[in-house]
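Straight from Swiss-Prot, the features:
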- K37: active site, proton acceptor (ACT_SITE)
- Y267: active site, proton acceptor (ACT_SITE)
- R135, M315: substrate binding site (BINDING)
- K37: N6-(pyridoxal phosphate)lysine (MOD_RES)
Amino acid sequence: MDSRPTIAEIDLAALRHNFEQVQRAVPAGCGILAIVKADAYGHGFMDISRELESLGVTAFGVAFLAEGIQLRKSGIDRPVLILGGVYPGQERKCVGFNLSTAVFSLEQARVLNDTAARLYRKAKIHVKIDTGMGRLGVAAAEAPAFFRELREMKSLELEGIISHFASADELDDDGRRFSDRQAAVFAQSVAEARSLGLDPRYVHIANSAAAFGMDLPFCNLVRPGIVLYGALPSGDFEGKMALRPIMRLQSTVAMLKWVEPGTSISYARRYTAPDRRLIASVPVGYADGYSRALTNRGEVLIRGTRAPVVGTVCMDWIMIDVTSVPGVAVGDEVTLLGCDRQGHCVRAEELASWAGTIPYEIFCGISKRVPRVYLNATR
């Protein structure tokens, strides 16, 4: 190995377990569109997608065209939905690579229709309805007129109708009421499309939280993301899901040294030893995605014992107070995220809490310079 002993192990057996949890949570016959955008939330979307395809996943969701093309070029032939839609000039590749795309304006629909007609193909689209997210989508009040126009575009295949919950991960009364209102608006839009003779193959609004927490009988597809990777949508789901983290970010102790009382550690001297302390230097830092916000807040696992990050997180290094770790030695494994060999875990939810963010950002932030090593693949 020419780099460092800092790697991210990806346990595909844990991915299979989490996928099975989704299967058990949704009604029989409901499809699963796995969200693999942003490099499968930092887990490596090629290997993740191949594993999910072997499990019989219905489809994949990506953010933009290039991600969809990468899946096709890697041999993935399941349906792939571009959740963010295509931009002007991308329509030909979208159709040519047999990718489906979200559509949220008539201009998008018209250009896709014209492009597909010239290619003697059908463009597969999912009409996105804005039911309350306020980000992308046809306004629900404008949906009937949109669908009427769509009926005249003969080179489009209405593969789906889609929306997105804004607060399905919030299980308080206000969050539930808003999600229920979104679901009702979406159901009405779907009914309006069908009353006009349109027959979408897929109807979907449920993300990870809604897949586990809501009854949506008019839908036949769910879109899990974060739960596949072993983290909860929010703290409201604590104890409600039997998930396993699939990423283990690990490194090793590179140096040990005793420091005397009053010794400062790292940039800006944000930590000063209160007494004689044993400090370990570990080759991982914010350039690897171990956030600087974890300065004097993070914890790691060494020999099954939790030990605190002390001093400012550097670009390439962190320092750990290992005074209380029995027998600690240079070369010992350090678990920064995920579970160690004894089953003790530092959860993404914990890192997110310490860093003032969410597990999604923790996963997505693990940088490309950290090699991914895949374990327990089925093929």
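In case you wondered, yes, glycine gets a Cβ from its N, Cα and C as well.
Recorded features from Swiss-Prot, shown on the structure.
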| residue | record | Cβ within 10 Å |
| --- | --- | --- |
| K37 | active site, proton acceptor | 19 |
| R135 | substrate binding site | 11 |
| Y267 | active site, proton acceptor | 13 |
| M315 | substrate binding site | 11 |
- Whole-number Å distance between the CA of R135 (substrate binding site) and the CA of Y267 (active site, proton acceptor)? 40
- One should report the C-alpha separation between Y267 (active site, proton acceptor) and M315 (substrate binding site), rounded to whole angstrom, as 11
- Query: How many whole Å apart are the CA atoms of M315 (substrate binding site) and K37 (active site, proton acceptor)?
  - Reply: 26
